[in-house]
Amino acid sequence: MARILLKGISKTFKDETVIQDLNLEIKDGSFTVLVGPSGCGKSTTLRMVAGLEKQSGGEIWIDDTCVNDTPPGMRDVAMVFQNYALYPTMTVRGNIEFGLKNRGVPRNERDKLVKDISEIVGLAPFLDKKPQSLSGGQRQRVALARAMVKKPKVFILDEPLSNLDAKLRNQMRTELIQLHKRLGTTFVYVTHDQVEAMSMGDEIVVMNKGAIQQADSPMKLYQDPANLFTAQFIGTPAMNIIDMQGMKGLNIRSDRPVGFIGFRPEQGLLNPDRPVEGLVLKGDILTRESLGAENIYQIRSDAGTFFVKTFLRPLEPADAVTVAVPHDQLYYFGPDGGRIYGAGMQERALIAGGAIV
Amino acid sequence: MKAANRAIEGPIRAAAGTPMNGIRSKRALLRTIMNVVLRLANAAGLLLLVLIFALPFVWMLSTSLKTLPETMIFPPEWIPRNPVWKNYVDAWNTGPFLHYMTNSVIIAVSILLLQMLTIIPASYAFARYKFAGSGFLFSIVMVTLMIPSQLIFLPVYLELSAFKLLNTHLGLILPFASSAFGIFLLRQAFRQISDELIEAARLDQAAEWKIIVRIMVPMVKPVLVTFALFSFIAHWNDYFWPLVMTTNETARTLPIGIAKIREVEGVGTWNILMAGNLILVAPILVVFFLSQRQIIKAFVYNGVK
Amino acid sequence: MTVWHKLRPYGMVAPAIIIFSLFFIYPIFYMIYLSFYDWNFISPTKTFVGIQNFVDLLSEPEFMQVLSNTTVYTVLTVTLTTALSLLLALWLNRGNFFYGIVQGAIFSPHIISLVSISLLWSWLMDPEYGLLNWVIGLFGFGKLQWLSHPSTSLVSLVIVAVWKGIGYNTLVFIAGLQSIPADIYEAASLDRSRPWTTFTKLILPMLSPTIFFLVIINMIGSFQVFETIAIMTQGGPVNSTNTLVYYIYEYGFRFFKIGYASAAGVILLVIVGILTIIYFKLLSNRVHYR
């Protein structure tokens, strides 16, 4: 078990700065997920923690040791790779015990550890097979077992589920969550899939362009995004954003200039049957996506195109609709994308887009 | 395939008996005949091809079992009535053949082992490490790959003579103790291995030499086997280099011994010459028939890199 | 990074690089150096003669004959081998078991020692009792002198070279053909392309890298022909099969004219060098079809 501390980390490849002044604390025993679009620096960050990449500046601490000059094998870190990186010339057993052998663990102890771990991940019948003869899911388990058997302080997983099909991915997700509970070790997990991040992590670090956008619990991220990027990155469909440029008739009370207003598709009320205090938009339905329990509408209004998601309601047949968003479900952002707290609308009900504007 | 289908169609329609179909059936019949003729011609062509390449070897075997007068009989007898096995004994006794054979084995095997020892680390370094001057050093490999040994035998002869290495095994081995072709092949193979695998091994606390020996080398084993076959056959067969670099029997190899039978037995003793020839060819042909696929791959790979 | 880490790659390439420098790179320069000297190998002194060796060579009718022999041999061998093997490849490019056997059969001479092949063909081409004369006799032709007459000797050597090389060339062509994706043929047949058009407009251009490769490799190989000549003809009759490497061998090892032989070696080096450069130029400029 370990706490990881990144202090002022930066990384440059040749002339290109990938990460600049990154500070992060990964809590002991947490399941921390680094999430962001590809090229945001999440994998690089992870690889620096593992020691596979050397940071250009800053310090990495695992517990009370600065590991800047510790080689990867000595950091007590285990990693599961995207393509598993199993040794194709060794059997499953050979793969799992290779790290133990290199540490000089005696044979009988090794056998016991391999036996225990292979039972946990359900590999016992395959120990003498070569990885090439296993299915994708089984290979994934070998990779997990190989990492787990070393009883590392930190468990690092780099997009481990991206090569599995959708069904297996869901199953492995649950298994990983259970595994984390059982081991209680610090897990650091990298993914570009926000759904995966939300469903697995107890701590999520949203990254973009080499900088941390927000690090919080999943619910906090969803309900209280710190900026436009996080707001749009978390949630499906993404938060609707209305650009205040070119919008008239909205009178907003705020200390700072407001650049954007946002609301979540699931908070938009389609043709409300009673008056709602908040933002009201008129528009035409462009597309309807029916997923059974929920329906997603794409609506075009003068304020732009946005999505509305409804639950357990019949599909709306009309083309022209009114959408209302209650005051307390509106998010305000500055022109730089930073969140503005304490802003609100002057009038009680405002109609933007549609008829009035 | 298409033609065959149509050919089957034809006669059935003809049964309907209309004049139109009558013409059709004639055409169809023609097609069937053409088809059969083509197939036969194809089969005959293939057979002829095999004969062109196999008959000389059969003739070699046949001659090697004849008496000298029998070799001059025409039309030829392909299977000698009384096989003269003594030809092989005679061929073997024209020179120190056991000595030649031992030399051939020692030289081809030593070359192979030394090549393995030198090309594996070199190709690994070229494939996996960034180091100053690697481009220049690799260009030496590429230039070597392009220089045939036929081009430089004269200066190498003078060099070996200065080192007092003429007529020694070492003199025949050392110039081939590494192989540019081998480095080229193996470097490609090492490059194709994913970085993740090495990283995984580093996290498993494996030392660099262990990563190379336990993980990387086993992964390129097929390429190593390919190269080994190539190298062994090439040096087992080599006539030029041992001929040029030796002036006495000390280090001479089988191909030299075989070529010398003619000088010992005199011109025209083809039966004994072919017997000797078979001693040289038989092992290679046997190996070839046992692992034809692998050997073809070994040689053709060169062309499709 | 420790010093050891920095030095490790050099240590790993060193044995190979030392071997190459000692036995391939240095000899090239040594040969060029020797080509400007007159030396008989035994005498302790070498006399600098400038370009005299080259002047002598190029004014020597025997050497001109050698150059022309080598060129004729190369041109014939390369065109015949390449053209025939391309035809064979188109014919034999099938996965079936029998075709596998045929491919194996035509390939087999490639792995046989040139000594064996030379001896075998000397016997087959024997003017009196050779099998070849009997076979052409069956078709009503008279006996040929093959290697024993200046008018047929060089062509006879070409036949041996083609026989030995055609299998390898065919299999390389087949590998090239198989690397052309099958859907291209399917698209062509849907476009109602005739076989001849498919061949000239699709297959040939896509095979061009393979053709370049084989032509150059065959040329470089043919320019250095030695074994067949040393065993089958010793350059005769009347110098009709004397080629460059054999010429160098004779002047170096029989007449001990080291400088003169080196100069001939330099000329061969220049020819091979030009061919190699052409190959790499074509390789880097060629159109990539994939």
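A Cβ is built for glycine as well, from the same backbone N, Cα and C atoms used for every other residue.
What TrEMBL records for B:36-59 (among others) is transmembrane segment.
Look at TrEMBL and you will find B:101-291 tagged as domain 'ABC transmembrane type-1'.
Among residues of the same chain six or more beyond the transmembrane segment (B:105-124), those with a C-beta under 8 A of the stretch's C-beta atoms are 141, 169, 172-173, 176-179, 182-187, 189-190, 212, 216-217, 224, 227-228, 231-232, 235-236, 242, 251, 253. Positions annotated as transmembrane segment by TrEMBL: B:105-124 (among others).
Positions annotated as transmembrane segment by TrEMBL: B:136-158 (among others).
The transmembrane segment annotation in TrEMBL covers B:170-190 (among others).
Beyond the ends of the transmembrane segment (B:211-236), by six or more residues, the same chain brings 104, 107-109, 111-112, 115-116, 119-121, 124, 176, 179, 181-182, 185-186, 189-190, 193, 197-198, 201-202, 254, 283-284, 287, 291, 294-295, 297-299, 301-302 to within a C-beta distance below 8 angstroms of the stretch. For B:211-236 (among others), the entry in TrEMBL reads transmembrane segment.
Outside the transmembrane segment (B:270-290) by six or more residues, the chain places 57, 60-61, 63-68, 70-71, 84, 87-88, 90-92, 94, 97, 233, 236-237, 254-255, 257-258, 261-262 with a CB less than 8 A from a CB of the stretch. The transmembrane segment annotation in TrEMBL covers B:270-290 (among others).
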Who are the long-range neighbours of the transmembrane segment (B:36-59) in its own chain, taking Cβ under 8 Å and residues 6 or more past its ends? 76, 78, 281, 285
